[in-house]
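J.: Provided herewith is a single structure, encoded as structure tokens, for subsequent inquiry.
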Amino acid sequence: MRAKLEVGVVGLGKFGLQFGSTLAELGHKVIGVDQDPERVRAARETLSQVYEANAADKTALTQLRFQDLDVVAVAVGDSMETSILVTLNVQELGIRDIIVKAVSPAHVKVLQRLGVKKVVHPEVDVAILTAYRLHSPGILDFLPIGSGVLVQELVVEAWEGKTLVDLNVRDTYGVLIAAVQGRGETEYRFVPNPRKQFAKGDKLLVIGRQQDVAALKP
């Protein structure tokens with residue numbers, strides 16, 4: 001029998017609530033979070049600690065002491081973008097054991113790129129990925145994730161010598177630089193240092209709306 005775990009569940013829809021309730025029945029401590037007050041009220045019937053909060057705001061998770069948990073499950077089912085942002089927040093808090101419910105095959109691929117090892121969803125749509133690679137030969141990778149939001153891997157050229165602070169990427173371009181892989185490195189570094197200068201050939205993992213990412217020329 002496994003030792004008692006402290007588990008956070010973000011998103012208390014059918015999957016999240018059932019997941020958390022089952023763990024609670026098995027004797028584990030479960031903290032549930034959702035923005036929907038009705039879901040929060042319903043979850044209080046089975047979970048000992050439930051909070052109405054926006055998990056896309058890392059400060060909210062910090063205040064709920066999510067950084068002290070053993071496992072966090074991200075079960076946000078209505079928005080892939082929100083799911084990704086919540087997942088990144090949880091990673092930034094240092095949680096190693098993360099479970100994410102994907103909402104599409106492409107979402108599965110994105111989560112794998114982000115280093116999530118436990119993803120709940122069927123196979124990825126390889127045909128879409130291959131079509132976009134053919135359409136844009138200069139792009140290393142292109143992962144459409146629905147609702148006009150995508151994840152794309154780009155190589156630094158024009159941004160050489162600049163930092164995220166210099167570029168003010170979110171406000172200027174409307175995209176999120178989720179990770180950076182420097183030349184010669186084999187893995188992405190998540191939560192990029194905003195004051196570290198980019199070098200030519202660095203790879204960027206970019207999240208944003210299709211039109212915004214398409215206009216980006218790093």
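Keep in mind that glycine also has a Cβ here, set from the backbone N, Cα and C atoms.
Annotations per TrEMBL:
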{"type": "DOMAIN", "residues": "4-128", "note": "domain 'RCK N-terminal'"}
{"type": "DOMAIN", "residues": "137-218", "note": "domain 'RCK C-terminal'"}
J.: For the domain 'RCK C-terminal' (137-218), what is the mean per-residue pLDDT, to the nearest integer?
T.: 85
J.: Sort the residues of the domain 'RCK N-terminal' (4-128) into helix, strand and coil with DSSP and give the three counts.
T.: 53 helix, 27 strand, 45 coil
